[in-house]
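Please read the structure below before turning to the comments.
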């Protein structure tokens, strides 16, 4: 793609997200979401491949449906209540419709079916943008409307997302689909605690973005798209293979890695709020996700394929452009757990 065109599209992505962040009126927020969608579609379709075009079409249809639902809900609220402000969303029909629309934009269960299929048809870098940056604007709106939404609906969607995210990834061999189901599971954890501790939701979103970015970048550097290619990565770059395994375990939430922190704090907060059953179910579904991460690590580190290479394994990474950001983001994805006491102190301020 032409660098000037790419710069304009990426600037439009940033503009759309910032516009949604800064808006208090539903029409402005809707406009920001639409700018976001229209900016990423050419980036998704830059590969002239039928799979990429199919993924782009599916993404466009789902996002257009969600945008229409948001417009319908805000208009309904303005008609019945007389308010266009995001914080003044009060009618039950409008709040439920907006929640479903934002869930469709994010890929929350039970409206998650588009996300694995779309992510499977994209390059890893475009999939990274879709899995991280494109979640910010809908989440900003969801945090603002969360106090008016029925808490039972949020808990049900959160638990269903963690279950679907864990269950759906079990039988996958494509890494992009596994990361898509991982995204669904993490979003479920965020929605689960959204009404009780929004600061924990933001912390989880921040750590999710760091860990997912690290996972996508390591897979991009490894040039791995399936479990089979991931299993041969040890012979190509042992250091990167070890880092990839640690990042995947961090995504699974194993201590002492960074991914354990948000799960630990969310389970603690749910128990404090008198929801031990929800906390237990969430912890049980986390085991499903952990299983397929362990499966990937087993394929990478414990089953080294026979090879005929006589050359010494290259311990140094070849891609100098990606090495520095990859190093920084991987360190953050692995080593933030010791900061948990400081984080809990900040959350109570």
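Each residue, glycine too, has its Cβ placed from N, Cα and C.
Given the structure is predicted, the values throughout are model-derived calculations rather than measurements.
Only residues 6 or more beyond the boundaries of the transmembrane segment (3-23), in the same chain, are considered here, and those with a CB under 8 A from a CB of the stretch are 29, 31-40, 42-43, 86, 129, 133, 136-137, 140-141. Annotation comment: Swiss-Prot describes 3-23 (among others) as transmembrane segment.
Sequence annotations record features per position, and here Swiss-Prot assigns transmembrane segment to 25-45 (among others) based on sequence analysis. With a cut-off of 8 Å between Cβ atoms, the residues of this chain six or more beyond the transmembrane segment (25-45) that come close are 1, 5-6, 9-10, 12-13, 15-19, 52-53, 55-56, 59-60, 63-64, 67, 70-71, 74, 77-78, 84-86, 105, 122, 126, 129-130, 134, 137-138, 141.
Annotation comment: Swiss-Prot describes 66-86 (among others) as transmembrane segment, evidence class sequence analysis.
Under 8 Å from some Cβ of the transmembrane segment (98-118) lie the Cβ atoms of residues 33, 55, 58-59, 62-63, 65-67, 69-70, 73-74, 89, 130, 135, 138-139, 141-142, 145, 149, 153-154, 157, 160-161, 163-165, 168, 176-177, 180-181, 183-184, 187-188, 191, all in the same chain and six or more residues away from its ends. Per Swiss-Prot, the feature transmembrane segment maps to 98-118 (among others).
The list of residues near the transmembrane segment (149-171) in space but at least 6 beyond its ends in sequence, with Cβ under 8 angstroms from a Cβ of it, reads 95-96, 99, 103, 108-110, 112, 116, 177-178, 181-195, 275, 278, 281-282, 285-289, 291-292. The transmembrane segment feature in Swiss-Prot is assigned to 149-171 (among others).
The transmembrane segment annotation in Swiss-Prot covers 178-197 (among others).
Marked as transmembrane segment by Swiss-Prot: 202-219 (among others). For the transmembrane segment (202-219), the list of distant contacts is 124-125, 127-128, 131-132, 135-136, 139, 143, 175, 179, 182-183, 186-187, 189-190, 193, 225, 230, 240, 243-244, 247-248, 250-251, 258-259, 261-262, 265-266, 322, 325-326, 329-330, 332-333, 336, 343, 347: same-chain residues at least six beyond its ends, Cβ to Cβ under 8 Å.
Summarising the annotation, Swiss-Prot assigns transmembrane segment to 240-260 (among others). When Cβ-Cβ distances below 8 Å are used as the criterion, the transmembrane segment (240-260) is approached by residues 182, 186, 207, 210-212, 214-215, 218-219, 221-222, 224, 230, 233-234, 286, 289-290, 293-294, 296-297, 300-301, 317, 330, 332-337 of the same chain, each at least six residues removed from its ends.
Summarising the annotation, Swiss-Prot assigns transmembrane segment to 274-294 (among others).
Same-chain residues lying 6 or more positions outside the transmembrane segment (319-339) and placing a CB less than 8 Å from one of its CB atoms are 207, 210-211, 213-215, 217-218, 220-221, 243, 246-247, 250, 255-261. Annotation source Swiss-Prot lists transmembrane segment at 319-339 (among others), citing sequence analysis.
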What same-chain residues lie close to the transmembrane segment (66-86): Cβ under 8 Å, and 6 or more beyond its ends?
23-27, 29-30, 33-34, 37, 93-95, 97-98, 100-102, 104-105, 141, 144-145
